[in-house]
Amino acid sequence: MALIMEPVSKWSPSQVVDWMKGLDDCLQQYIKNFEREKISGDQLLRITHQELEDLGVSRIGHQELILEAVDLLCALNYGLETENLKTLSHKLNASAKNLQNFITGRRRSGHYDGRTSRKLPNDFLTSVVDLIGAAKSLLAWLDRSPFAAVTDYSVTRNNVIQLCLELTTIVQQDCTVYETENKILHVCKTLSGVCDHIISLSSDPLVSQSAHLEVIQLANIKPSEGLGMYIKSTYDGLHVITGTTENSPADRCKKIHAGDEVIQVNHQTVVGWQLKNLVNALREDPSGVILTLKKRPQSMLTSAPALLKNMRWKPLALQPLIPRSPTSSVATPSSTISTPTKRDSSALQDLYIPPPPAEPYIPRDEKGNLPCEDLRGHMVGKPVHKGSESPNSFLDQEYRKRFNIVEEDTVLYCYEYEKGRSSSQGRRESTPTYGKLRPISMPVEYNWVGDYEDPNKMKRDSRRENSLLRYMSNEKIAQEEYMFQRNSKKDTGKKSKKKGDKSTSPTHYSLLPSLQMDALRQDIMGTPVPETTLYHTFQQSSLQHKSKKKNKGAIAGKSKRRISCKDLGRGDCEGWLWKKKDAKSYFSQKWKKYWFVLKDASLYWYINEEDEKAEGFISLPEFKIDRASECRKKYAFKACHPKIKSFYFAAEHLDDMNRWLNRINMLTAGYAERERIKQEQDYWSESDKEEADTPSTPKQDSPPPPYDTYPRPPSMSCASPYVEAKHSRLSSTETSQSQSSHEEFRQEVTGSSAVSPIRKTASQRRSWQDLIETPLTSSGLHYLQTLPLEDSVFSDSAAISPEHRRQSTLPTQKCHLQDHYGPYPLAESERMQVLNGNGGKPRSFTLPRDSGFNHCCLNAPVSACDPQDDIQPPEVEEEEEEEEEEAAGENIGEKNENREEKLGDSLQDLYRALEEASLSPLGEHRISTKIEYKLSFIKRCNDPVMNEKLHRLRILKSTLKAREGEVAIIDKVLDNPDLTSKEFQQWKQMYLDLFLDICQNTTSNDPLSISSEVDVITSSLTHTHSYIETHV
């Protein structure tokens, strides 16, 4: 720093005075006192409240303003070379642990009384303030580029902000000291975990690099051009550049980038200055200006420009919102903009510095919106008059969201202006800490390059995207498509994490340097990428998806689990191990035994040694293997990854555990960093099927399965507006299993009749509860078994009557009706045959899909259904084609390899199926549980009119049931011939609400009023239940 600027500690008294001239206007009255006392730079850095009072600064607010600016100078003087993201994380972690230790020490003292509700002591609040100050310093780094553009750091920033807000709320709550301390301890532990996560990312060069200073000179500035910089000021006086305008002097020098802090202007330190004083300093010399900028870490490669160094854009006021040519990479301004002469202090947070104005800007309204005329001028691309608002006003929001404006076949990239911002907000707060930043403005056009993804995978996933944004080079390379989505989850065929898979929201971009990205494209695509591809232009794209045909060859090669234990061969280490499952309920098994095979630094596990497909695998070089001392199970070890998840295993004996640990460490140690998993391979993959298994010992009190546990195809997950958002918790593995089961079912229905129906897989059996919630399959029908076992297994499907066929293949809407109104009526003679066939009522053997009860579903052909049921929308037919092609690709080499399932304990499986179906061993329905009551309100029908009627029916049924209970209580009293006054008084006190309700209802016996009251209650209940359905 000594070569670029003189340290603040060596300032002379005249330099201190020059620096104070740029502070707030209210502080100018004290400059003479500083000049008279000859305060040097070293004295300035160590100044205190008492010394300020001796200098005549008697007001506390003025003292705080000076000390805030001095704090910024201290950070610049002492922390420039040592401050980085890791050190700031260490400081925050230390502050959190200090606060924890302080609370623990207070509780150990003999005078501690946690039951009091008095205010916390001052030393306690001081520790809280120190913790928040350390968090602010960390947020000052996370809140701007390059960290603000990385998803992981953006999520971390949001977590830290949320925890700090929670901490400030806790200390102001009126509760006991013990409760307050418990809440603060929880926040401190969470903050420590966040800091440990940042510290663990030591391999990321951005975490360990510190900031540096750089001197930039802008010369030959034209009077009509201006500097072309966007500057945003924090409340305490940091000045951050948020971008440059296209072809401006700041853009042409190629050294000014978003996130840079302005430290000096013409060798005068401007840290802590007002923004208007900074602007005056920039305009002081019309021929040029010398800037000293503080730059955040960008990239490890200093020879190649980082992607963030290409940030430039036109002011939004100069950008017409009309479709642009796909080949135009550089656009020219269509009009000029003037500069404000004077604005209030609250509006000086953001400033664009173009040529001098012809007249003042038009003020905003109280919400900060532009006048309608100006906005209409922007929308149609007309030139803006000279009195228009600064273009940077569009970039001056605290929280900005991007959204798509679709006009015919054009997708535009725009900003949404925040309307809730107050214009009277002060520029500074009273805390002396520094670095409290607002999020920086982001550009309209920028060379963001997303993570590379397999083009075949992107084509397969394209039908699940809601919107597409394409950035294409001048050569129009088809593989360079980067899709952006905001609020959607990708439904993939496996529950696998990929090395390059991150959120594809607009806030996440790759930080690979340009040369590395070029090398990556040339290596994968095999096509040369010239330098012109570094600058991507916006491409209009139609919202119509591309071809929905899936790549058959790519599907078969993606999964590493689709390999049998025999084909895998003898591994480096084999044996039985216990694996801990993610328990979904209290009664579910925590551990399950698998056959494990260690092969080529990958760990596979199978159900048995003859299994045709691995239940899961992990790539060990990406995981850390160690003893799992936190597990209660003996001889446990774990494979953990800070960004993915942890797997826990356990051996039977200590020798087995040591053997596995030694063998795994030997294999993984030989893999160098460059030989680890490639980007298109998986970190890990695991099936969720074992997690849905019920315990081996059935429990009578275990709750039944929820209605929405049957997975849905991806096409139905977000397409229908009537699907609950709660169902998004289903894993992608379950979705894949559901698709494959439907495809196998359809193939067996339309295939040869030589396949025995007893060999149906258990995944095809479904209960009534599953059927209620399950949407249409690819064939548009539900497969439902309603016949007795003897008819379903040992009879030919052609001998079934059309009524039975129609009843066994019901669409979703009819299943809803059948659930509420009873089964569809059969012919009287047929019903008697069914009842008399086994001497009882017909039984349904549609067991839950995860049970081991080996019965089959009826192969009802689609042609036997109701003609109305055969009508499918085009989307369903297209999905059926895609799934058939996918099934054909997946089943290459496996079509004739069906193996016999092992028959389990039929009685045990039957009991388990009855338990999950909420039936007693005698076939009677059990008392509903809380889960059933809760999920009974989220049953949905695809027809909104029918859905509303079903809601009304449920409400009336529940109301009728409640009234019947009240009548039974009343009858109990009225039917008692020996009723005494004392007993009646006790009954009255016990059912006081019911008694008052009776008294009120007896006063109004008018039938019209009663019916209107019922309608009002019903309508209100309908509204309430609709709200619950939307938001639960």
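Just so it is clear, glycine is given a Cβ too, placed from its N, Cα and C backbone atoms.
Annotation comment: Swiss-Prot describes 324-340 (among others) as compositional bias 'Low complexity'.
What Swiss-Prot records for 683-693 (among others) is compositional bias 'Acidic residues'.
Summarising the annotation, Swiss-Prot assigns compositional bias 'Pro residues' to 701-714.
Under the heading compositional bias 'Low complexity', Swiss-Prot lists 730-740 (among others).
The feature compositional bias 'Acidic residues' is assigned by Swiss-Prot to 875-888 (among others).
If you look up Swiss-Prot, you'll see 11-76 marked as domain 'SAM'.
For 84-178, the entry in Swiss-Prot reads domain 'CRIC', with the evidence type sequence analysis.
Annotated domain 'PDZ' per Swiss-Prot: 215-297, in sequence order.
Mean predicted confidence for the domain 'DUF1170' (332-515): the pLDDT average there is 39. Sequence annotations record features per position, and here Swiss-Prot assigns domain 'DUF1170' to 332-515.
Look at Swiss-Prot and you will find 570-669 tagged as domain 'PH', backed by sequence analysis.
When Cβ atoms from all protein chains are considered, those within 10 Å of S12 (phosphoserine) total 12, not counting its own. Residues annotated as phosphoserine in Swiss-Prot: S12 (among others).
Annotation comment: Swiss-Prot describes S338 (among others) as phosphoserine, evidence class similarity to another entry.
Taken from Swiss-Prot, the feature phosphoserine covers S390 (among others), and the record attributes it to a large-scale study or a structure entry.
The feature phosphotyrosine is assigned by Swiss-Prot to Y683, with similarity to another entry given as support.
According to Swiss-Prot, the phosphoserine annotation covers S685 (among others), on the basis of a large-scale study or a structure entry.
For S687 (among others), the entry in Swiss-Prot reads phosphoserine, with the evidence type a large-scale study or a structure entry.
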Other CB atoms within 10 A, centred on S906 (phosphoserine): 12
Rounded Cα separation (Å) that holds between S12 (phosphoserine) and S906 (phosphoserine): 93
S906 (phosphoserine) - helix vs strand vs coil (DSSP): helix
Number of helical, extended and coil residues in the domain 'SAM' (11-76), per DSSP: 49 helix, 0 strand, 17 coil
DSSP-assigned states of the domain 'CRIC' (84-178) in counts, ordered helix, strand, coil: 70 helix, 1 strand, 24 coil
